[in-house]
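Undergrad: This is the structure I have questions about; it appears just below.
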Amino acid sequence: MAEHFELPSTIAILPSRNKVLLPGGVVGVRCTSAASVQLVEQELWQKEDLKGLIGVVPMHDSQVSDRPLSPRASMLQFLQEGKNFDRGERESSMVAPPPSDLQPPVGRQTNETIHWHPRGVAARVLALQQHMEKPTSRVTYTVVLEGRCRFGVQEFNVHDLYNTARVTQLDSTKAEMEQAEKDPEVQVLARQFKSVAGDLISLLEPKLKAVERTKALLETASAHKLADIFVASFEGSFDQRLAMLDAVDLRQRLLKATEIITRHLQTLRVAEKISMKVEGNLSKSQKDVLRQQIRAIKDELGDNDDDEDDIVALESKMQSVGMPANVWKHAQRELRRLRKMQPQQPGYGSSRTYLELLAELPWQISSEEREIDLVAAKDRLDSDHYGLSKVKKRIIEYLAVRKLKPDARGPVLCFVGPPGVGKTSLASSIAGALGRRFIRLSLGGVKDEADIRGHRRTYIGSMPGRLIEGIKRVGVNNPVMLLDEIDKTGADVRGDPASALLEVLDPEQNKTFNDHYLNVPFDVSKVVFVATANRVQTMPAPLLDRMEVIELPGYTPEEKLHIAMRHLIPRVLEQHGITNKHIKIPEPMVELTIQRYTREAGVRNLERHLAALARAAAVKVAEREQSMRRVTGDMIPEVSLMDHGEGRGGLGDGGGVEMEVEAVGIHGREVASAMTDLEPLLVDEAMLEVVLGPPRFDGKEAAERVATPGVAVGLVWTVVGGEVQFVEATAMLGKGDIHLTGQLGDVIKESAQIALTWVRARAAELKLAVAEAGSLLKDRDIHIHFPAGAVPKDGPSAGVTLVTALVSLFGKRCVRADTAMTGEMTLRGLVLPVGGVKDKILAAHRCGIQRVILPERNRKDLQEVPAAILANMEILLAKRMEDVLHQAFEGGCPWKPASRL
């Protein structure tokens, strides 16, 4: 602490909430409020000399008012409550201001009483650093302060947002302090203090980084300086530090410092005693070491009954959860077994974990289901999901039944559709409409039956199944539980998880669901189960029979456009920390992104492309902000906070003292951000190509690929929605063999054989190159290829496409580029219906195909196709293969009249 100096009569006040700065202490202060920021800017930052003085005054209350007040009213209350302080000889002449002088200034009314302390410390600024917070660009400061001397507050005043005070210095002059240190009583107190401080340094010597420096300070520094420095270096209570601040008299200061250091020394000795006691009885196992430490702590506290108390608390908790009688009987038996075991026994931990699970399960706890509001449910579904009218209608029907009969055993809804169409969010909307908690169980890749039913407790590392664990985590016995990706469960030697789900989803059995780990029945009939899947073909028939399948087809381009404008763009901008003030994505550009860069059933790839545009905008925003900061300047390097202690309990280097400062006052004028005046980034076609690259789809692929005979356009269904599939056929010299490539399944290979047989049988009727039936393959082979060879393909719906490709090859005529087809065919030429009609038509529409040939018996499926799509496309229905060929070629395909089945 520096020598005595003259303190100005008026000084700016920086309040500290429940913190006390002492003379000789060094603290780092983060100034974030409007008042403290203005104080730093006007008193320190704008002045060339950063070594100015400010006053730091403690506040007793943890709450501050919302406006900058003069603390005089609270000071008056503080004095009137009888708070007396020993002011010493120098303070005997000081008189507190009259009550009339301690009222708040005119126009400044306080919301609540703030207890200001009548004393503070004048502090010198060692370092000052400016910060700019993101993303608000708000300016804050970090100030490193060193306490210099005590002062008494005579009167508080308000200067704009912060306070100033008329003060009187309380510390003695250098001559007076030297005279006081010659007093015999002071010398005895100083020797006693240094003795206690020396013992503390010796105890902490192995942990101190600067032992010699600290010992030298103890020997050379004055007693009155050492008292403040040592107390400032330790973690003490607010009252202790406040009493130290009030100790103006040197005798009282030394007495108080000795008391605080002695108490800290006793605490360290007790800790060392416990550590030595434990180290004297170390065992070979680390568990025994921990157990010895716990036992030593209990011996020191005189408490050795914690284990028994924990078991009693566990039993009380089990009694309060409302277990059924048979479960409570089983739990009591396990509890008696636990009481007989020692904590060191191997089975103690597993038995206790099991009982804790029984106590944590919600046997009788249910969500209070609010009355279902169908109108609100419709509004929420419409706001969260665009389109999907059929699905929304079924959900509303489900909720209506629940409203009329809350305990009804409704069906298990299974949403089936490609990725990215909103299956999971629909389940969350159901939970919101019912007013129940929502939990999601991901079943993708689960191959072990124990994941559903749990492990038996005889196994090491056993645990309950995902169902029981999820119910325990959600805390109620009637949540909405989403069984996500239920079609992706597998089966191996460890069991079949799909078969384990049969009991869970059967309303007649799930009242007594038996988890292997739990080993007692648990009622899951109150749980509302909702499942999601990408396809139903891989699901076992018994499991599928227990659920009601609701198909979610892909979105049309118009629906994707609405979804992007209403949901995706706001979400993407929020995720990237920007707003529409930074980037503008016009609707035509979104539509162009859908047409040229995405061909999917859902909207996930579309969201990824929008995120790429948002990232490009974020880079521009960050560069502008960086250039702005470079102009305004943040040129102060990091300041190392100085102190006289080490951490919480020692002396030395490296232990900074953190003190959060919040001034009394309203939020002032914030620093205006220059970003608000900049023009937003406008996305145009050129920017799309820069950010997203060249367009992936141009709408000309079909015309280019069917420009030669032997190529036809088919429509297929996949787990990600409908897709366009080209079929290529070519002939070459050979022995009459047929070659099939493209990673094809058995069904599609059989369809190729049927197609070739039908074409050979009707070669003359179709007026192909050779008149004699059966001579098409003479001295030549046929190769049929399905592109995208890395993707497995199977199914019967490519039958009509295979026939069309072969007729095009042998007849040397090109198939119409604007026509795609799908349908299964028989050996006699009949066209049979297929599935996934809506997804296939949407896929054709995405690829720019105008005409689609469908089986006649799929006419009923056209009702599911949006009217806007049907209005822009020509749907052709065919009963026989001849109808397909007639529509697939320009000018039709001539053939001789043939008898029809």
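In case you wondered, yes, glycine gets a Cβ from its N, Cα and C as well.
For reference, TrEMBL lists these features for the protein:
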type	residues	note
DOMAIN	11-265	domain 'Lon N-terminal'
REGION	87-107	region 'Disordered'
BINDING	G417, P418, P419, G420, V421, G422, K423, T424	ATP binding site
DOMAIN	706-891	domain 'Lon proteolytic'
ACT_SITE	S797	active site
ACT_SITE	K840	active site
Undergrad: I'm trying to understand the geometry here, so how far is the Cα atom of K423 (ATP binding site) from the Cα atom of K840 (active site), in Å to the nearest whole number?
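TA: Given the Cα positions, K423 (ATP binding site) is 20 Å from K840 (active site).
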Undergrad: In whole Å, how far is K840 (active site) from G422 (ATP binding site) when you measure between their Cα atoms?
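TA: About 19 Å separate the Cα atoms of these two residues.
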Undergrad: For G420 (ATP binding site), just count the other CB atoms lying within 10 A of its CB, please.
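TA: Around the Cβ of G420 (ATP binding site), 18 other Cβ atoms lie within 10 Å.
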Undergrad: Can you list, in sequence order, the residues of the same chain other than G417, P418, P419, G420, V421, G422, K423, T424 whose CB lies within 8 Å of the CB centroid of the ATP site?
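TA: Apart from G417, P418, P419, G420, V421, G422, K423, T424, the close residues are F415, T532, L552, A601, G602.
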Undergrad: Please identify which of G417, P418, P419, G422 has the densest Cβ environment, defined as other Cβ atoms within 10 Å, among these binding-site residues.
TA: G417
Undergrad: Fewest other Cβ atoms within 10 Å: which of the recorded positions K423, K840 wins that one? Let me know.
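TA: Selected from the recorded positions K423, K840 on minimum Cβ neighbours within 10 Å: K423.
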Undergrad: How long is the line from the C-alpha of T424 (ATP binding site) to the C-alpha of K840 (active site), rounded to the nearest angstrom?
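TA: Distance between the two Cα atoms comes out at 23 Å.
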Undergrad: Calculate the distance in Å between the alpha carbons (Cα) of G417 (ATP binding site) and K840 (active site), and round it to a whole number.
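TA: Spelling it out, the Cα of G417 (ATP binding site) and the Cα of K840 (active site) are 13 Å apart.
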Undergrad: Per-residue pLDDT averaged over the domain 'Lon N-terminal' (11-265) comes to what?
TA: 72
Undergrad: Compute the C-alpha separation of P418 (ATP binding site) from K840 (active site), stating it in Å without decimals.
TA: 13
Undergrad: Could you state the whole-number distance in Å separating the C-alpha atoms of K840 (active site) and V421 (ATP binding site)?
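TA: It is 16 Å, counting Cα to Cα.
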Undergrad: Using all protein chains shown, find which of the recorded positions T424, S797 scores highest when you count other CB atoms within 10 A of its CB.
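TA: Counting every other Cβ within 10 Å of each candidate, the maximum falls on S797.
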Undergrad: Please give me the CB contact count at 10 A for V421 (ATP binding site), counting all chains in the structure.
TA: 29
Undergrad: How big is the gap, in Å, between the Cα of G420 (ATP binding site) and that of S797 (active site), rounded to a whole number?
TA: 25
Undergrad: Give the distance between the Cα atoms of V421 (ATP binding site) and S797 (active site), rounded to the nearest whole Å.
TA: 24
